[in-house]
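Here is the structure we will look at, set down as structure tokens.
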Amino acid sequence: MDRIVIRGAREHNLKNISLELPRGKFIVITGVSGSGKSTLAFDTIYAEGQRRYVESLSSYARQFLGVMDKPEVESIEGLSPAISIDQKTTSHNPRSTVGTVTEIHDYLRLLFARVGQAFCPECGRPIEKQSASEITDRLLKRPPGTRAILMAPLVRGRKGEYRKLFQQLLKEGYARVRVDGVIYLLEEAQGLSLEKYEKHDIDLVIDRVVLKEEERPRIAEAVELALLRGEGLLRVLYPDTGEEELFSEKFACPEHGSVLEELEPRIFSFNSPYGACPACSGLGYRQEFDPELVVNPELSLAEGAILPWSRGRDTGRSYLWDRLRALAEHLGFDLKTPFKDLPEEAKRAVLYGLPEPFEVVFRRGGKETFRVEVRYEGVIPWLEKRYQESDSEGVREALEGFMSLRPCPACGGTRYKREVLSVKVAGRNIAEVSALPVREALAFFQGLEKTLPPFQAQIARPILREIVERLGFLVDVGLDYLTLDRAANTLSGGEAQRIRLATQVGSGLTGVLYVLDEPSIGLHPRDNQRLIRTLKRLRDLGNTLIVVEHDEETMRAADWIVDMGPGAGIHGGEVVAQGTLEDILKSPQSLTGAYLRGEKRIPVPKERRKGNGKWLVLKGARAHNLKNVTLRIPLGRFVAITGPSGSGKSTLVHDVLYAALAQRLMRAKTTPGPYEALEGVEHLDKVIEIDQSPIGRTPRSNPATYTGVFDEIRDLFAKTPEARKRGYGPGRFSFNVKGGRCEACGGDGTVKIEMLFLPDLYVPCEVCKGKRYNKETLEVKLRGKSIADVLDMTVEEALDFFQNVPSIARKLQLMVDVGLGYMKLGQPSPTLSGGEAQRIKLATELGRKATGRTLYILDEPTTGLHFDDVAKLLSVLHRLVDAGNTVVVIEHNLDVVKTADWVIDLGPEGGDRGGEIVAEGTPEEVALTGSPTGAFLARIPEIAARIGVAAD
């Protein structure tokens, strides 16, 4: 069968649609936000493919896998097992790294176990284990006739007189011994008076031989005996040259005895007790109390500078407080001096305590009453003890607020045991290789085979082939700047998705249905072609790709396009057009076609705003890969921050700028990345970050509760004559508290029924029929509608219904303006897409009283948005700027960048080759620089015309 045939799909807002998709092709599903793209791709096609695969397993296996619900669809034919690669499933496990997720780390472990060379961590000499016969062979490789003395080391660097040892050796029939480098007959050695408290070395002479092939049996016997007496060690002295050699039959340094386990793959895993650093259990960092969070340096100790203790000080009787007072008296500092002005010695003593006890004199009425010896342990040791000993979750959680993550001092953040780090391949240990950017790691492994001896090269060849292939796939999806030891939970959604894409290409499966969610997110236009090549490669292996995407380049590269619409929510859910790119371009109904033909487009503003003349300047930002960057943001303008993936945009804007502003303006507990100075903060009142995180994680939260419009609607219901007669207040109309809600389902509207081998069933509550309220509450009507009817309205219907209530109508109008008119007021938050959640937040912000002194920060706000949605979003953002605010967006979408007043382009590449500002100015000025983004801006006709005119 060469087609996937879908009949009667009715999931969410799909309107009983039927369509056929070609198998083994690259298919793009597009359409406006909320039109049902993800519902068709993920909730219908993927869910059914996954469900059928899981259904084929035993009931025992199914209970561990969590069975998918059967989607609302009559039939789907021609389905293959489905794999979904979406944005949401980034690992939150701190042990996951880029290397473990892509499985490159497993091959690295194998490589180091098979061809790694161990070195002593103490002295750096190579450690090899050799059998007695291998040692004999090595000795016989010396020039024939070389004299050698074979000895067994008995005592190495230990104190003692050793008279009994010499007597015992004499009894056993040995003749000579070497003591501290001098050879004696054992009779003489007995007469030696060794210093009892000095360290000595004693070697037993086993045999004196001449190295030649005829003597092999005698030499072999001496080697075996020496290894037996020396517990696996043999020392050989060549008397003619004075040279010495030490051999070991164990994996140990013969000099320092540093013992290594057998080189097995498991010791190169930081997730196994055999390889993980014992101090941090292989995490690479430890949670420690941070003096900067524990102390407020502006306050004095008397005013409560020590934040965790500030509660106990009021009583004056607090045990801790008495100790602190005693310390102040002992060291002679004043408790009323601000902490920052105390001498360094006093600060250190307050925080870390004093090693010795000190005497305190207690006085009453000016007279000495008694003396007592006191120990002061210090704030941080006291907090650590409290944290370790407390059984209360609450106490531990409160104390964690004063802790921050620090690289583990034992392993330096590498996650491994010291012995593991002493195993090297081509001069690098596993942590050093993992710390290389993918691009450099690829070059290292491509050249590695040539540097290995032939025998090792043969072992390494198949392992290297796998490593090089997988690194190549990471480069192909534009992730050449990542390092293999980068924690997976620090990756953006787009990066995590592309890593999983690279892993899938690496797995080489065929005949699979892949469903992807906007893989182009976070990709600079110049990396797009590499991604498209990877997608086509996955298709050419014999797979079907269904990609939910808005990117024009990806659409033009697809074999088949499905355009959903015509509107969003209840106005969508239909297939407007489908076919090849030519079919879509010819379709008069297709909104996507109109944009692709160039009929509809997002215009470039005629004038760029000049702003209010004030600047926000962040100097010397150095977090992650930033190279001492100075960021200048013109206030009162629409600013776009651009640059290739991994060039440091999010680090600069989120980790440094936002964190620093939130700390200064909002007293937030954020810890900004390192920077030197922040100027111009006085021109701002607040900073607000509007991201795509959900507006609520429970079905009890919805657009009406988030925007605050629900409170006003409840007030209106409470003012109706019927509600007054019954004495109902606004609380009666809440489904979260007892009183008005249906108690059978607790106001959820659904009841969960647990099924053992099937997914939990959520069925509408029998009592309230899914309306969430009890019968009495629903009897109160406002113009013929109950509170449940209002929650079931779309925003557009509600706007019509409440048009005479200005405060409600204004909030609803803003939701229509940001393109959410189709959404139901009571739609549960978890069912909203990221783009929808972000636009609800925007509408809420627009509804606040404007001071015109707010800085808004948005990270890739066009995620999940169609050309038409981008136009709506831009009009909202420009409204915020017109009110005098400043909007900073991190964005790759050129439709957004071209409408900005000011562009700041980071680069020139990603990772260690990024972290600098390569161009800044108006889009026209940046287009002239030829920077990574400038080159693409110069291709936009309106901008090209302007710079062409300017250039003339």
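A Cβ is built for glycine as well, from the same backbone N, Cα and C atoms used for every other residue.
The feature zinc finger, as given by Swiss-Prot for the ranges 418-444, 742-768, sits at 742-768. Check Swiss-Prot against the ranges 197-224, 253-280, 281-308, 337-364 and you find zinc finger recorded for 253-280. Mean pLDDT, taken over the zinc finger (742-768), works out to 85 on the 0 to 100 scale. Within the zinc finger (742-768), the DSSP-based counts of helix, strand and coil residues read 0 helix, 8 strand, 19 coil. Working note on the binding-site residues K37, K649: by count of other C-beta atoms within 10 Å of each C-beta, K37 ranks first. Counting only same-chain residues at least 6 apart in sequence, those with a Cβ under 8 Å from the Cβ of G31 (ATP binding site) are K37, D563, M564, G565, G572, V576, L591, T592, H866. Here the Cβ of G643 (ATP binding site) has 28 other Cβ atoms within 10 Å, regardless of which shown protein chain they belong to.
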